[in-house]
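Undergrad: Got a structure for you, written out below as structure tokens; questions coming shortly.
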């Protein structure tokens, strides 16, 4: 008899978890509290309690080739960076292709998830749900928590003395939908993440003045990288990831700083991070530098005091006649249907093995999906999480002892703090390619570059120097997809398809490029084995 799996939420994590359950012969049931799929990426005009919320203009920060699921490329005519409505269209195509809707119970709220009385032997869970005012209870062999972590807003009002006297309007960024109604206002945006920079840039086109307040500053990247290709297609390659791991951090950070400052000098724009040697996630925003250059956005330091109409900043400056304050200060993790002891978040550390499994459970039958912030696309990340989790549920993959898992959690957290800092916003941040490979290794889906170099040099070059996207994890191991090789070799066509809307004479192709990459790949392996064996 197939094991029954409860999937909580029908957003991105929920949809891919459903598919992975079906792929492994499990029997999933998904509980979705709203009337439709899409989660965070389904825009609604009104903010709803208990549901993620986005503004109407949201565009993906990761490109389509780096964001698609591993055996379902996005249509080639889709733009490289997608408006939220276009991304939702892709999820609908995905759900239809793999017939996932039949597993979803819509407008059903999960009230509680508790261990079954015989959990220590069965690993089962009792899930209580509510629909149409009626409660139901069912027993499941495993649970995948896919409810997201952009729901409960974090508004640290105590950190802003005088907020109670402020006479203007203030709200969290999750309540922002569009710029209508803010024309001619003087607006203060607190925070400097992606949402803060998006909202500040958008509002500045019609507001009287926008200020953006930051404690530490931030690097800003454009979605457009070398030769006009999407940034993540250039940044996330195995070769560059290996270099970043091998080189001393001062060297790799210096190289990254030079690259980021090539677009504009961050110090001149008052954006340079205080601790620029931490590898915090940069902002992806194509408009912010221009809006600062136009004077429409002004960067300010930390707010120390608010009055009825003004804001005092750490550097002693004051801005008067503030009409609106937008708190783009992130979110707090919340899983109200789970016992607090299951997902522990203490001392800025999430006590989950590889950001997924509670280590203290006698049976590894509950996992949190997507509770991670990779320096890359979340979609391939959560897909590999789901592929691994479902194989653990099925007994095909095994977890180490609780002691070993706790040691890994502590060590991983120490490394995270060393790389990214102790900020609340970096609590689940991780390196992208390293984490994908780590999960792929668990299920036997990590490609062996040496093997491919010997039998398929053309593909090996793409694997090493090309974008590290999800197709790579369908070449070997369980769940192989026969279209993976072709998807890797033809991804450039899908990148250029929506751009080539006018006939232009093609530039000559440098035939030496392929040979140079082959030689470089061989040199990399020679250097690696020389170091390994002391040649």
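From the backbone N, Cα and C atoms, a Cβ is placed for every residue, glycine too.
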Undergrad: Among the residue ranges 489-509, 510-530, I'd like the one that Swiss-Prot describes as transmembrane segment.
TA: 510-530
Undergrad: Pick from 32, 48: which one does Swiss-Prot list with 9, 10, 11, 12, 13, 40, 41, 61, 62 for the same FAD site?
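TA: Among the candidates, Swiss-Prot records only 32 at this FAD site.
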Undergrad: Grab the FAD binding residues from the record (9, 10, 11, 12, 13, 32, 40, 41, 61, 62) and give me their largest CA-CA distance in Å.
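TA: Maximum Cα-Cα distance: 26 Å.
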Undergrad: Looking at the binding-site residues 60, 195, 197, which sits with the largest number of other Cβ atoms within 10 Å of its Cβ?
TA: 197
Undergrad: Give the helix, strand or coil assignment DSSP yields for residue 60 (NADP(+) binding site).
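TA: In the DSSP reduction, residue 60 (NADP(+) binding site) maps to coil.
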Undergrad: Express the distance between the Cα positions of residue 2 (N-acetylalanine) and residue 61 (FAD binding site) as a whole number of Å.
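TA: Checking the Cα atoms of residue 2 (N-acetylalanine) and residue 61 (FAD binding site) gives a distance of 38 Å.
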Undergrad: So for residue 13 (FAD binding site), how many other CB atoms are inside 10 Å of its CB?
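TA: The answer is 29.
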Undergrad: Look up residue 9 (FAD binding site) in the DSSP assignment and report helix, strand or coil.
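TA: Going by the DSSP assignment, residue 9 (FAD binding site) belongs to neither helix nor strand, so it counts as coil.
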